[in-house]
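Have a look at the structure below, then the notes.
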Amino acid sequence: MTIFTNTNTISPSLVEIKNRLLQGFNSVKQLKHVHALLLRLGLEQDNYLLNFVLRSSFNLGDTNYTSLIFTQTREPNMFLWNTMIRGFVSNDCFQRAVDFYHFMRADGFLPNNFTFPFVLKACARQLDFQLGVRLHTIIVKAGFDSDVFVKTSLLCLYAKCGFLEDAVKVFDDIPEKNVVSWTAIITGYISEGRFREAIDTFRRLLEMGVRPDSFSLVRVLSACTQLGDLSSGEWINGYVREAGLERNVFIATALVDLYAKCGNMERARCLFDGMPEKDIVTWGTMIHAYASYGLPKEALDLFFRMQRENVEPDCYSMVGVLSACANLGALELGVWASNLMDRNKFLSNPVMGTALIDMYAKCGSMARAWEVFREMKNRDVVVWNAIISGLAMNGHVKTAFGIFGQVEKCGIQPNENTFVGLLCGCTHAGLVDEGRRFFNFMSRSFSLTPRIEHYGCMVDLLSRSGLLDEAHQLIESMPMEPNGIVWGALLGGCRLHKNTDLAEHVLKQLIVLEPWNSGNYVLLSNIYSASRKWDDAAKIRSIMIDRGIKKLRGCSWIEINGVVHEFLVGDKTHPQSEKIYAKLNELSTKLKAAGFVPTTDYVLFDIEEEEKEQFLGCHSEKLALSFGLINTDPNDVIRIAKNLRLCGDCHEAIKLISSIAVSIISTAGNGAWALGSPLAYLTTGLKSEHNKESKKMESSCSEIHINSNSSSNENPRVPLSEVVADCVKRWFKDTLKEAKSGDVNMQVLVGQMYYSGYGIARDTQKGRLWMTRAARTRSSVWKVSDKHPGYNASDSDSDELKVEA
């Protein structure tokens, strides 16, 4: 390079300059040295040499320096104009490419077959359909309508701008279609959601003898994935093997994604393990597939393997890991994983930030979730939805309503998922009237059409509250066909309220929709068992056996020191099984001494009561709890996650265990509660008595603070009567605080408590005053019913969850 910078040496020849330009440059500084040499030699107006300089500058990404060189050119030719337009498009400067096209036309130059593809690409990226149409007319007049590259760019423009039918006409007019043309039209079909046409077009491509490239194969595999068409995917996989393309990392990753999203995880893992080369996208695809398919432990195992192979996680793989930690309730593991990446990435990336908020919320650490939300640099509607759902599932329903009131104030339009979170919060808290208001506000105030998810939430809310007839009527009036989730919500309500007749009707619908789903049969069998209709329950079990349907086994996970342990019902495979069952027997003895009676209605089989109690005693969540008590210090947090809903008997048992252990119990995560004392369960039930039973069945992730040394003589058990009395007093105090803040329901409840003398000395006069105050408050509340719900609801008592103004 010194030959161009040392002025004392002999000037290089023109051939040497050309060779240097052809070799390219590693930096703009080197390019400027050569440009300076051209200026010194008087060659700065040589269009041939300048073309090399312009291309090199674009390759280095310096568009401003390139523009400066071009403006100093006195007589640029067509080659230089094309180089400039192409360079801007290659550097994603699409508007500048369009501007240079107009400058070229104003300078009297006509575009040629090298100009049109890049200008059309710029129009497509800018969605400048009008200019694209004008270019189309020029193409026809100039006689380039038979050029395959120009026509391919045209069909890309029409497809990108949403004019797929016009794109198809352009495609049909191409006399000799190449693989790029075929891929362009396939991509157009996929962009419009017409996946079947995309697959059929790919079949035509093969019939025409065109060999697809990796990009076209990836695109058509994505169409199969979106359509859930596993048979077509298998056929394309066969073609890939015949063509010898199975070693292509992009195609293999697309196949892994196809099998995973179609539910064939074994085939997906087989392909993954057989790949000789894997990039981070491949790892992320498999990890995310495991997490999405309800196999969080496998997702984390694969992530640890990725770590051993020194593969740095990216956004997609990290989202999968955090999702797996959320499903397992593995807070410590989730924190460790998130620390592998810069925190600023989470705060600046809405997708990653949402995953972190969701993980904290589902693990019951709502304060941390709130902290992440407050620090987020870009809060789009997905981030707001995540915090609303997190608050709702952790029992901060009023705060969730308050957050909703802030969404529009921040200039963000709520979407359908926003209302899913709000309706779920109403379901958790048993707020039927509020749920109806939000459901109606969707279409009336926000012009959002309720989707099947919203109908499912409403059916769930009404069913849990005992309004089974109303829930059934809502299903019958739905504008779309109800799916298994909607009917399942009604079936769950039938189970809670023991409505066998309606449950049988619902199950008939579910069997038609989901004949393979064991949960439907098990739930109806439980209903029969609870009603002591043992013959009917046995008949359901026989149907399951005849059809080869197996019940999904209950599984619970617990994280101790960053390690996740898995337990099944009656599990004795754990190395500490002997200690676990000893601890379980100890707890059982203490529960009986405290007056606990197992709820044997939850046992499916017609067996003796003593056998039922023994069966209930070894549920997976109880085994996980015993293991946690053995392996934790006093006041440590124990989180238990379960793949199924927590059974009512386990709920009652764990509630009483917290009292026996003289500590704090709260539940969070996928459940409805976020409570702070042994009384919290009583508080929840009394605030919404009609929804008490539904809350028992709701949680699948428990956060438990328990004194693990409760058996020690130094910490004697407090009599249950004293615990309850203290709890009732504190509950009245909390209720009074909420009533004073303006909560109408709590004002009514305080009045009733004064009337009955529950939790406070009986005082009918104060009871009458509170009831009168509630009546006045209620009338004033309904006067603002024209406002959006949640505007006056940000009245949380939690200091760490105050809504930002």
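First residue shown is number 1, and so on along the chain.
Cβ coordinates come from backbone N, Cα and C, glycine included.
Those TrEMBL annotations? Automatic predictions, nothing curated.
Pulled from TrEMBL, these are the features on record:
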| type | residues | note |
| --- | --- | --- |
| DOMAIN | 595-662 | domain 'DYW' |
| REGION | 785-805 | region 'Disordered' |
| REPEAT | 77-111 | repeat 'PPR' |
| REPEAT | 178-212 | repeat 'PPR' |
| REPEAT | 279-313 | repeat 'PPR' |
| REPEAT | 349-379 | repeat 'PPR' |
| REPEAT | 380-414 | repeat 'PPR' |
Segment confidence, the repeat 'PPR' (77-111), expressed as mean pLDDT: 90
Close approaches to the repeat 'PPR' (178-212) from elsewhere in its chain (Cβ under 8 angstroms; 6 or more beyond its ends): 148-149, 151-152, 155-156, 158-160, 162, 164, 167-168, 171, 219-220, 222-224, 226-227, 229, 232, 236, 239, 243
Secondary structure content of the repeat 'PPR' (279-313), with strand meaning DSSP E or B: 26 helix, 0 strand, 9 coil
Composition by DSSP (helix, strand, coil) of residues within the repeat 'PPR' (349-379): 23 helix, 0 strand, 8 coil
For the repeat 'PPR' (380-414), the number of residues DSSP places in helix, strand and coil: 26 helix, 0 strand, 9 coil
